[in-house]
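In what follows, a structure is listed as structure tokens, so that the remarks can point back to it.
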Amino acid sequence: MGNIHIQTKSKEYDVHVGKEVLSNLTTIVQNMQPAVSNVMIISDEAVASLHLQTVIDALQVEQHVFSFVVPSGEKEKSFENFYAAHTSALENKLDRNSLILALGGGMIGDLAGFVAASFMRGIRFVQVPTTLLAHDSAVGGKVAINHPLGKNMIGAFHQPEAVVYHTPFLQSLPEKEWRSGYAEVIKHALIGDVELYHWLKEEVQTLADLHDEKLIHILTKAIPVKANVVSQDETEKGVRAHLNFGHTLGHALEKELGYGNITHGDGVAVGMLFAIFLSEQVYKVDLAYEDMKQWFLKYGYPKMPRDLNVERLVQLMKQDKKANAGAIHMVLMQEYGVVNVVSISDETVHIALEAFQKDMV
């Protein structure tokens, strides 16, 4: 078991990581001040069928505990479910001393966190992640829902009271979700922990290696990368944008292909490869792009789809939150462990995307 301390300007809290940390949940809730009045667990159908009762049983508290369950899938991070969650909260008499538990992956963490951020102008919540991908989204306080015109466009910054990362919950994940989450692990290694990057190349030959002590090691190394960035820039005014490495194209792919047709991690993996491909041209450096491409393909990450319209992707990349005055801003890599936000012309991105698309045959 390992505890990772997160410190931001607005709040300090711990991430509890391990095989038995669910037992910490009762103490976490009981120690909150002012005392918690009641507890709302927000989850999705897939996770609830596997883990909801386990969490309710582990949560040995006197307060009223109830659940609100939405269908599974990124498209459910919608205004309709956000509104319905508020209705459920009001019907069950949540108040300003209530607590929301986000039980699920990144979609649920974002949705439940935004409900917590907005209900009565903000109440407390705890993240209980059930995916590897959520090692990224559960930490840092960014919560949001999607808009038909863009991912995570309606949201807030709202830090949790704690994150309880009970690793046995991850064992029920399908392979595509392991791969999706592992992409964010790779991202954290590439931008902030070169030693972890080399460890991954040596120790994680297949996704089947992501278990037990190796999994806990990965989580306790990757999460501090994000924690360090968030401590410097809680509200994404500067270096926190570095955590968007691979996301400019990744989000565009998710939007173009349709949420659920490509996982977030698969999109980010393609986006990271493109960022490295473009970085070599912009910085005139050798980042071993070809080796990186083969490494990604070994894990089963997809290639850049050949049938996608490049100009359409360019326009979607201009809708990215880092864009400024209509110009694309991407996180590019100067060297492993050193990244910067760079303004790139539409023409440069278009030419590079066409070349990248052809290279990914």
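Yeah, the Cβs are placed from backbone N, Cα and C, and that goes for glycine too.
Keep in mind that this is a model prediction, so the values were computed, not measured.
What Swiss-Prot records for this protein:
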type	residues	note
BINDING	Ser72, Gly73, Glu74, Lys75, Glu76, Lys77, Thr130, Thr131, Lys142, Lys151	NAD(+) binding site
BINDING	Glu184, His247, His264	Zn(2+) binding site
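Annotated features taken from Swiss-Prot, shown on the structure.
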residue : record              : DSSP class
Ser72   : NAD(+) binding site : coil
Thr130  : NAD(+) binding site : coil
Lys142  : NAD(+) binding site : strand
Glu184  : Zn(2+) binding site : helix
His247  : Zn(2+) binding site : helix
His264  : Zn(2+) binding site : helix
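Each of the binding-site residues Ser72, Thr130 was assessed for Cβ neighbours inside 10 Å, and the highest tally belongs to Thr130. Cβ neighbour count within 10 Å across all protein chains ranks Glu184 highest among the binding-site residues Glu74, Glu76, Glu184. Same-chain residues with CB within 8 A of the center of the Glu184, His247, His264 CB atoms, the Zn(2+) site residues themselves not counted, are Leu133, Asp136, Ala183, Lys187, Gly246, Gly250, Gly265, Gly267, Val268, Gly271. For His264 (Zn(2+) binding site), the nearest of the binding-site residues by C-alpha distance turns out to be Glu74; the candidates were Ser72, Glu74, Glu76, Thr130, Lys142. Counting other Cβ atoms within 10 Å of each Cβ, the lowest count among the binding-site residues Lys142, His247, His264 belongs to Lys142.
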